[in-house]
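Here is what TrEMBL records for this protein:
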| type | residues | note |
| --- | --- | --- |
| TRANSMEM | 12-31 | transmembrane segment |
| DOMAIN | 15-297 | domain 'ABC transmembrane type-1' |
| TRANSMEM | 51-75 | transmembrane segment |
| TRANSMEM | 130-148 | transmembrane segment |
| TRANSMEM | 160-180 | transmembrane segment |
| TRANSMEM | 231-251 | transmembrane segment |
| TRANSMEM | 271-295 | transmembrane segment |
| DOMAIN | 331-567 | domain 'ABC transporter' |
Ligand SMILES: Nc1ncnc2c1ncn2[C@@H]1O[C@H](COP(=O)(O)OP(=O)(O)OP(=O)(O)O)[C@@H](O)[C@H]1O
C-alpha cells in the first residue's frame, strides 16, 4: 500500500499527526497515575488540598490530551484527504492517456470503482493508521509498563488473557479478510450491471427486458449484500467476544486485586489505575485487530489502483522522435496486418494504399469488416503487427503521439459530446478558434440551421448530448473535427445517421471548402454514395482488403463492390 502513498501523501501532515498522537498517548497513560495518586494520597488520607491540586493537574493533562487528539485528527484527515485527491488526479490523468488496449483490459466500470471506492478504502485506512495503528502498539507497551509498575503480580493475568484475545482475533481475520478482499470485485460487478442498465435503459424498455435486467441487477446486488452481511456477522460475533474477554479480565483483576488490598500488598488507587491500564491494553488489541481486518481490504484496493497507475502502454514512444516539416501530410499503409489481443484472426489484413495531400480515401465494407480498426491505426490507438503506416513518409512509430494527435482529427462512429455549450464542444478541437471559424465548421457539417434555431453557439449540451438527435449529434461531432487544425480528417461512419440529402450536402461542402483542398480526408461509409467521389476507395471484406481503386474502376472490376452496389440498389427499390 505504501507504493500508492509514495510522493502523494503530505509528509508534514503525517509527521504532525504522529507527534500529536504520541503526546495524546503520553497524556492518556499519565491520567490513571494521577487517579491513583488522588485515591492513595488524597481520599484515603482525607487531604482535600492534595485532591484539589492533583485534580487541577488531571484537568490540565486532560485538556492537553483533548488538544493533542484534536490536532491528530485534523492532521491525519488532512493527510488522508490529500492522498485521496492526489490518487484520483493521478488515475484520471493516466486514464486520459490510456491506449484502447489498456481500456479494454480494465473496463470502464472497474475504472470508476477504482477511482472512487478503492481510493476511499485507502483514505480510510490511512486515517485509521495515523489515528490508531501507531497509537495501539505504543499504548499497549506504555500501559503494560505502567500496569507492571502498579502491581507485578496482577500483570500475570495477561499471560492468560492475551493468548485468548490473539486466538479470537486470528480466527476472525482468517474468515473476514478474504471476504473483505472480495468486496471490491463485487462492487465492480454491481457498478458494471448498473452502468449498462443506465446507458441502455431505452433499449431495455424497448425490448421489454426490464425484468431480466432487474434480475441481473438483483443477482449482483444480492451477491454483494451477502458478502457484506457475512463479514459483518463475523464482526458481530467478534465484538461481544471481546467485551466478554474484557469483562472477564476486569472481574479477575477485581478478584485478585481485592485480595491484595485485603492483605495490604496493594493500595486501592493502584488497583483503579491498574484496571484502567488493563482496559487500555485490551483496547489497543482491539484497535490492532480492526487494523488487521481493514488493511488487507485497502491492500487489495491499493493493488487495483496500482494496476492502473503502473500500466505500461504497448504504444511506445521513441525517445528521439521525428518532426514533420511538411504540412499537410500524405498517408500510406504498406501491407498492414493487425489483430486484437487474444483474437484468433487478424481484424485487418494486407491493407495497402497511398493517399496524397488533397485526396480523399473512401473505405467501404460490411459490418465487422475492419473499417473502424483501420482508422484507429491511423491515429495510432493500436500498433500494427506487420507492415508500415507512414505519415508524410515517416513511420508513425517514429513520431511523437502528440504529433500524431495534432495531425489527425477524428469524428468517431459514435458521436460523443460533453456537457457544456456548443461552443465549448466545438472548441475541444481548437481552443483558439473564433466564432467565425466555429460557424464555418457548423455550416459545412450542416449543423448551422438547427443551432441557429436554438441559442446559437451558447446552446446548452446536456450530458452525452442527450438533448440532440443522433443525426444532430453526429453533425456536431463532424463540426468539432473540422474546427481542429489537422492534416488528416477521419470520418468514421459519421454520415451514417444522416439522410441522403444531408449526407450529399455535407460532402459537397467539404469538397468545396478551400481549407480542405490540401488535406487528406478519410471517409468510412456503408453507403456507396458516401464514398463514391473519393480519389481512392478500398473495399474491406472480413478484414481483408479485397479491392482498391476509384468508383468507376471498382464498379467494373470488383465483385464485392459490385455486390454492395447491387444490394443497395435493391434496398432502394424495395424501400421506395
Ligand atoms: N476492442 C476490440 N477487441 C477485440 N476485437 C475487436 C475490438 N474491436 C473490434 N473487434 C473485432 O474486430 C473486427 C472488426 O471490427 P471493426 O469495428 O473494425 O469493424 P467495422 O467494419 O468498423 O464494423 P461496423 O461497420 O459494424 O462498425 C470485428 O470482428 C470485431 O469483432
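The first residue you see is number 1, and the count goes up from there.
Every residue, even glycine, has its Cβ placed from backbone N, Cα and C.
Where the annotation comes from TrEMBL, it is an automatic prediction and has not been curated.
In this chain, the transmembrane segment (130-148) touches the transmembrane segment (12-31); three or more CB pairs sit within less than 8 A of each other, excluding pairs fewer than 6 residues apart. Ranked by Cβ pairs under 8 Å to the transmembrane segment (160-180), the stretches 51-75, 130-148, 231-251, 271-295 are led by 231-251.
The stretch from 130-148, 231-251, 271-295 with the most CB pairs below 8 A to the transmembrane segment (51-75) is 130-148.
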